[in-house]
Ligand code: IPE
Ligand code: IPE
Ligand code: MG
């Protein structure tokens, strides 16, 4: 694979976990007088670029928002095409992901999917479960509010069964029951397509994430777009409530 877009200067401050709202596929297609679906298909190439760069920089985790719990509101035809694209991509790419040492995780309310799709998801996850080069998490039928609600329900059940007491409910205890709790929280959030909103993505997990918005549409993001986002991330001072002076002293 050609690596002409990958910068040769070593990067110092890299995120461990990058979370992305891949937005703008429909507008990309519309600009070209193509059906919206052509944008979703072309967007897959940006997914491949990002995965390649994450491997190159040894980034631990990449989470991609592929279908939100609100996306069911789209025309039936588009929902069907998106589901098909997800299923085909899963089938087509899982071997390659496995060969590259990538662990695949699907997060979201998968109960809504056909038994066939649920089985394919489980197979892909179990095939790749021991891989360590990169965790690729794909959020499908995911909603941040759903995620927090599920965690709350699980805590309530644990209290009801006597396993824990109400006073054991802490931010950590709730966080442990959320999707992706096995990963570090996202360091960098990227949204393409120009919109500056979270759209019910990882609400809890993004509490201290650096946010990056770009007008680039998802199919045109590719390696160059990701490099620019990494540059922006590297230039930020993460203070986590402390003063800038404190952080500088710690870094010195
Ligand atoms: C993002 O692109 C992909 C999904 C939501 C599945 P859009 O389809 O939202 O593209 P725009 O926002 O209409 O351009
Ligand atoms: C968010 O994109 C969801 C995904 C990228 C999967 P949308 O395009 O659906 O977001 P809104 O509804 O415009 O905020
Ligand atoms: Mg959109």
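Heads up, the Cβ atoms here are built off N, Cα and C, so glycines get one too.
Predicted automatically and left uncurated, TrEMBL annotations should be read as such.
Feature annotations, courtesy of TrEMBL:
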- 23: active site (ACT_SITE)
- 71: active site, proton acceptor (ACT_SITE)
- 23, 210: Mg(2+) binding site (BINDING)
- 24-28, 36, 40, 68-70, 72, 74, 191, 197-199: substrate binding site (BINDING)
Worksheet item: If one looks at the chain holding residue 191 (substrate binding site), which residues at least 6 apart in sequence have a CB under 8 angstroms from its CB?
Response: 20, 21, 23, 197, 211, 212, 213, 214
Item to complete: Go through the recorded positions 23, 24, 26, 69, 72, 198 and pull out the ones with a Cβ less than 6 angstroms from some atom of ligand 1.
Response: 23, 24, 26
Worksheet item: In the structure shown, with every protein chain counted, which of the binding-site residues 24, 26 has the densest set of Cβ atoms within 10 angstroms of its Cβ?
Response: 24
Discussion item. I want to verify one value. Collapsing DSSP to three states, which class is the residue listed as 'active site, proton acceptor'?
Written reply: helix
Worksheet item: Between residue 72 (substrate binding site) and residue 210 (Mg(2+) binding site), what is the CA-CA distance rounded to a whole number of Å?
Response: 29
Worksheet entry | Most crowded position, judged by CB atoms within 10 A, among 23, 210 as recorded positions | 23
Worksheet item: Quick one: which of the binding-site residues (28, 69, 72, 191) have their CB closer than 6 Å to ligand 3?
Response: none
Fill in: Cβ neighbours within the same chain of residue 40 (substrate binding site) - under 8 Å, at least six residues apart
25, 81, 82, 85
Worksheet item: Reduced to three states, what secondary structure does DSSP give residue 28 (substrate binding site)?
Response: helix
Response to the item:
Under a three-state DSSP reduction, the secondary structure at residue 198 (substrate binding site) is coil
Fill in: residue 210 (Mg(2+) binding site) and residue 69 (substrate binding site), distance between Cα atoms, whole Å
24
